[in-house]
Amino acid sequence: MAELINNANEESLRMISAESQSNEYISDEELRPDTLETFIGQPQLKAQMKLFLDAAQLRGVPPDHILLAGPPGLGKTTLSMIVAHELGVPIRVTSGPAIQHAGDLASIVSSLEEGEVLFIDEIHRLPRAAEELLYIAMEDFRVDVMVGKGPGASSIPLTLPRFTVIGATTREGMLPSPLRARFGFTAHLDYYPHSELKKLILRSADVLGIAVEDAAAHELAIRSRGTPRVANRLLRRVRDWGVVHSLGHITPEAVFDCLELYQIDSEGLDRLDIAVLTAMCKQFAGGPVGLNNLAAMVGEEAETVETVSEPYLVREGFLARTPRGRVATSKAWKHLGLVPPNDVTSVF
Ligand SMILES: Nc1ncnc2c1ncn2[C@@H]1O[C@H](COP(=O)(O)OP(=O)(O)OP(=O)(O)O)[C@@H](O)[C@H]1O
């Protein structure tokens, strides 16, 4: 019997160490699902997207432009790749910050093929002149190419093939309304429930060749901040833990120990979240406090606090946004092991 168990242990040990070594170079790209069917969660959005793509295919035309809005890491890039894959067309990828001049965008759109998907990540960060060029390109499938310089310069209209822009943004409110109006379909990605993150973790574990206990996948899911990218990152870290500790498979205990080392707590809050809550409660007596003051206190960019930390803290009820600024809730005080002032308990 003992021999049998030993053999079984050796077998599973080989499975995690050898397979994880052979799969060492599986990148995040390879973890992306490439069809709507294998894209986990977001059922409403998937149903809308399916209808939208099926209709375009039945009509035999490229679909309208698509805007994907939502916090980082929820699958906007993945979805845009899926759209191109489902349509069987190539995809060109760029981003708002990568385009410095309108000319950069002009040369991209003028080299697109009929039906091609142009994915523009962080579209809210396009320079103004590029935005204006994009309105025309999206609506009239035309760019005006400037020839010559100074008073003798003239513009020659260049007709473009029909293509589909997919814009992704974490800050939909920053998009000028004329640009927003050019998108025929806007999809909002939501944080994922634990049950879906668990499925995602088990799927990624399969691709990476890691044996993960069901209960361990659940523990990882509840610490993943509702975000697939975080779930995949935590999975890779517990894989390291498994390899270093020669584990045959990932157990809940391995998840607890590994994530404690990485300072990720039982609610999935990381170092930055805890720094934000601590600053709010200790330095600002619970608030209200403005974003810039808060960011300066934790030594981060205001945008990072606003787009990475804050949405999750608000959603989980640790922080509230009021017209006077951010306020720590009684849940935040309790989570830090502090006693909330009376007025916080009564309001939140
Ligand atoms: N619904 C999903 N099912 C399975 N895997 C997913 C899903 N959504 C995202 N992922 C995985 O999570 C990772 C992050 O997703 P992605 O890069 O698409 O996010 P994003 O919203 O574009 O983020 P950002 O705004 O930061 O660019 C990807 O590696 C992908 O494998």
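Each Cβ is built from the backbone N, Cα and C atoms, and glycine gets one as well.
Per TrEMBL, the features are as follows:
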type    : residues                                                                                 : note
BINDING : LEU31, ARG32, GLY73, LYS76, THR77, THR78, GLU139, ASP140, PHE141, ARG182, TYR192, ARG229 : ATP binding site
DOMAIN  : 62-196                                                                                   : domain 'AAA+ ATPase'
BINDING : THR77                                                                                    : Mg(2+) binding site
REGION  : 193-263                                                                                  : region 'Small ATPAse domain (RuvB-S)'
REGION  : 266-348                                                                                  : region 'Head domain (RuvB-H)'
BINDING : ARG321, ARG326                                                                           : DNA binding site
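Positions of the features from TrEMBL, shown on the structure.
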{"residue": "LEU31", "record": "ATP binding site", "contacts (Cβ under 8 Å, 6+ apart)": "SER204, VAL207, LEU208, ASN232"}
{"residue": "GLY73", "record": "ATP binding site", "contacts (Cβ under 8 Å, 6+ apart)": "THR227, PRO228, ARG229, VAL230"}
{"residue": "THR77", "record": "ATP binding site", "contacts (Cβ under 8 Å, 6+ apart)": "ARG32, VAL93, PHE119, ASP121, ALA168"}
{"residue": "GLU139", "record": "ATP binding site", "contacts (Cβ under 8 Å, 6+ apart)": "ARG182"}
{"residue": "PHE141", "record": "ATP binding site", "contacts (Cβ under 8 Å, 6+ apart)": "THR159, LEU160, PRO161, ARG162, PHE163"}
{"residue": "TYR192", "record": "ATP binding site", "contacts (Cβ under 8 Å, 6+ apart)": "ILE40, GLY41, GLN42, LEU74, LEU200, SER224, GLY226, THR227, PRO228"}
{"residue": "ARG321", "record": "DNA binding site", "contacts (Cβ under 8 Å, 6+ apart)": "GLU310, VAL314, VAL327"}
{"residue": "ARG326", "record": "DNA binding site", "contacts (Cβ under 8 Å, 6+ apart)": "MET280, GLY287, PRO288, VAL289, GLY290, LEU291, LEU294, GLU310, LEU319, ALA320"}
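ARG321 (DNA binding site) falls within a strand segment according to DSSP. When DSSP labels each residue, the domain 'AAA+ ATPase' (62-196) comes out as 52 helix, 36 strand, 47 coil, counted as helix, strand and coil in that order. Reduced to three states, the DSSP call for LEU31 (ATP binding site) is helix. Across the region 'Head domain (RuvB-H)' (266-348), the DSSP tally of helix, strand and coil residues reads 47 helix, 9 strand, 27 coil. For the domain 'AAA+ ATPase' (62-196), the model's pLDDT averages out at 93. The binding residues for ATP are recorded as LEU31, ARG32, GLY73, LYS76, THR77, THR78, GLU139, ASP140, PHE141, ARG182, TYR192, ARG229; their greatest pairwise CA distance is 37 Å. The binding-site residues near ligand 1, defined by a Cβ under 6 Å from one of its atoms, are GLY73, THR77, chosen from GLY73, THR77, GLU139, TYR192, ARG326.
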